[in-house]
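Take a look at the structure below.
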Amino acid sequence: MMARLTELAATVRKRPALRDLLWVLALGLIAFWASRPAMSGEGITLADSQILGSICAIMVAAVGLNFLVGHARLVSLGQGAFFAIGAYASAWLTLDGGWHPLLAMVAALVIAGVIGALLAMASMRLRGPSFAMITLVVTILVERILVEWAPLGRLSGYPNTLDHGSGLLEPIKVFGMELDPPLFAGIPADVILAILIVLVVALYGYRNVSQSSWGRSLRAIGTSEHLAAHLGVNVYARKVAAMAVASVYGAVGGVFYVQVFAHLQPESFNIYLSITIILAVMLGGAGTVLGPIVGSIVIVLLQQTDVLQPLVTAQKNISESWYLSTPGLIGLLLILTLAVLPQGLVGGVQGLVHRFRPAAVNADVEPDAGAAAPTAEAAEMTEQEESPRETSGEDVLLTVRGVRRMFGGLTAVDGVDLTVRAGQVHALIGPNGAGKTTLANLITGVYAPNEGEIALRGQRIDTAPTYRIIRSGIARTFQTPLLFGHETVEENVLSGFAHTGTLPFWKAWLKLPSEYRRDRVMRERTAELMELVGLKGFEHLEAGSLSYGKQRALEIARALASDPSLLILDEPAAGLNTAETAELGQLMLRLRARGLAMIIVEHHMELVTMVSDEVTCMNTGSVLAHGKPAEVLADPHVVEAYLGVSAVAEPAGAPLERTDNA
Ligand SMILES: Nc1ncnc2c1ncn2[C@@H]1O[C@H](COP(=O)(O)OP(=O)(O)OP(=O)(O)O)[C@@H](O)[C@H]1O
């Protein structure tokens with residue numbers, strides 16, 4: 001029985017379409033179960049309909065906020081403001097504008113999305129507390145506008161039959177069905193059903209996005225914007241889009257609210273609403289798919305039912321004057337939960353599952369055999385690949401001409417020339433502070449040169465932003481590995497595909513069949529890359545749990561996922577032991593054999609000698625020597641720059657040892 005269940009689970013895991021279908025079915029069943037009291041003969045009580053409606057409204061707003069807070073790590077205290085915009089705009093357009101209610105609802109979402117995007121454009125250069133403060137101010141501002149702007153003030157207490165003559169609105173007619181008068185409390189049965197259907201659709205799209213390359217791009221932004229740009233993501237545009245999407249989801253919550261409560265008053269949309277939504281995300285587990293869903297249910301039940309009443313009574317029995325009422329108890333429970341489970345309820349459970357999973361998933365991997373060396377298949381692949389290279393070695397891929405970069409009074413790179421040919425490895429060496437990393441940063445657009453030109457295949461790239469340079473065929477790794485530490489090895493490699501930067505939101509949301517196909521291709525390629533770099537069997541481990549050597553291999557696999565024509569490796573051997581360095585050398589030779597051009601910034605001279613075709617030595621920002629590895633490493637000026645002593649005192653051609661960063 002158990003074996004069958006495990007087999008079944010494995011089958012489901014391997015079939016994404018089946019898994020997604022089961023997810024939607026499960027959601028649908030829960031929604032159906034939740035709507036039954038409302039649809040039964042007697043009907044749902046007003047109180048229960050409002051609890052259910054609140055759960056739906058907070059849930060949809062919370063999953064939208066999760067894009068910002070959980071994935072992109074942009075803490076927004078403004079989700080309540082977009083909730084309010086959705087509620088008021090849909091009510092106002094229906095009531096005062098005389099719009100068809102459905103059209104008014106759609107327009108309300110568009111208005112919220114546009115306001116969200118404009119706010120993002122104005123504030124997205126900010127991060128951390130500054131961004132949170134801006135969103136807090138927006139929440140307060142929106143509440144004040146609702147209180148003080150006369151046309152909206154008239155909506156308070158809606159439906160106000162005296163002001164609007166709208167005692168009983170016409171039913172909404174949709175697909176031949178008639179929904180009971182909208183915005184009118186007391187007859188909410190089919191309104192609840194409609195809300196549940198919209199909720200299931202919204203959650204399905206939310207899950208699709210979270211698990212897609214679009215979701216990965218947000219997590220990349222949350223980890224490091226520098227990294228995200230090097231994965232081909234237009235960070236600014238993606239943050240604006242994420243804010244707009246989150247705002248629309250917030251507004252959907254407001255639209256739900258209006259339909260269920262049929263009552264608008266500004267106090268319902270103050271800062272506590274924003275706090276409730278963000279708490280739902282954090283309590284459930286920011287960044288997880290299920291977290292905000294679970295968090296919303298828990299927080300609304302705690303706030304709106306009397307589950308905590310026995311605790312209040314128990315305290316009162318001890319002291320009539322000193323006790324915590326429901327809001328105080330909710331606060332205390334939240335603090336305790338987050339103290340025990342900092343990743344939230346769902347995040348905490350997932351963390352536990354991960355802790356026990358590696359042993360099972362990697363039971364077939366022998367720690368040292370599988371871990372330290374590429375598999376036999378990879379070795380075989382290597383032999384085939386190490387046949388003569390197809391590139392001529394004469395095709396110029398990258399040219400750097402007279403590039404200069406200054407930081408204040410310091411010239412970090414001073415008139416450097418460099419040529420990298422297709423399929424060749426070009427090593428950049430030089431003592432600490434020579435300007436090597438700055439040159440790599442100039443090539444990938446982190447800095448713009450003050451003077452000079454950089455061109456890839458003859459096309460100038462020195463004025464292009466990083467994400468465009470990456471998309472034109474350059475990939476890189478970093479001096480200190482930049483990985484998604486809490487995500488699996490496989491997810492890290494998947495984030496390297498160009499799709500992370502180019503997938504449109506609507507395609508991620510809808511997840512059309514073409515996306516399933518693309519996902520399968522990316523996963524197959526990911527498996528090949530992991531085998532190539534010696535990470536086979538590590539797919540499901542957390543990247544942060546890998547050894548330093550494996551982390552560097554993972555960074556290389558991720559960089560290779562974009563299928564670059566030039567790979568820049570910044571000190572790939574730093575922190576590796578001798579065996580790991582030798583393995584890295586073998587990997588680089590295999591990549592070179594495949595025709596991949598590389599720039600390697602490195603201090604490890606054995607590795608440089610082993611893999612490079614040309615070497616450029618920099619010192620104090622300038623090129624000191626350039627040529628074949630043996631010539632450059634034996635150059636007395638290079639020896640002197642490294643050892644800090646006159647080369648005359650050294651025996652000619654003495655092997656150069658690293659003196660720094662060992
Ligand atoms: N963003 C920056 N702002 C100011 N100074 C910088 C910046 N980046 C680099 N520098 C300076 O530019 C010089 C060159 O630094 P760079 O990191 O390029 O050297 P490097 O050759 O890569 O050294 P290492 O081998 O230690 O990595 C150093 O003096 C450094 O302090």
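In case you wondered, yes, glycine gets a Cβ from its N, Cα and C as well.
Unlike curated entries, TrEMBL annotations are predicted automatically.
Residues 240-259 are the range that TrEMBL records as transmembrane segment, among 20-39, 240-259. For the transmembrane segment (99-119), the list of distant contacts is 78, 82, 85-87, 89-91, 93, 134-135, 138, 169, 172, 174, 182-183, 240-241, 243-248, 250-252, 254-255: same-chain residues at least six beyond its ends, Cβ to Cβ under 8 Å. Scored on C-beta pairs under 8 angstroms, the neighbour of the transmembrane segment (322-341) with the top count among 50-69, 74-93, 131-152, 240-259, 271-302 is 271-302. A Cβ distance under 8 Å defines the sequence-distant neighbours of the transmembrane segment (271-302), meaning residues of its chain 6+ beyond its ends; these are 51, 54-55, 58-59, 61-63, 65-66, 69-71, 75-81, 83-84, 135-136, 139-140, 143, 203, 206-207, 210-211, 219, 222, 250, 253, 308, 326, 330, 333-334, 337-338, 343-348, 350.
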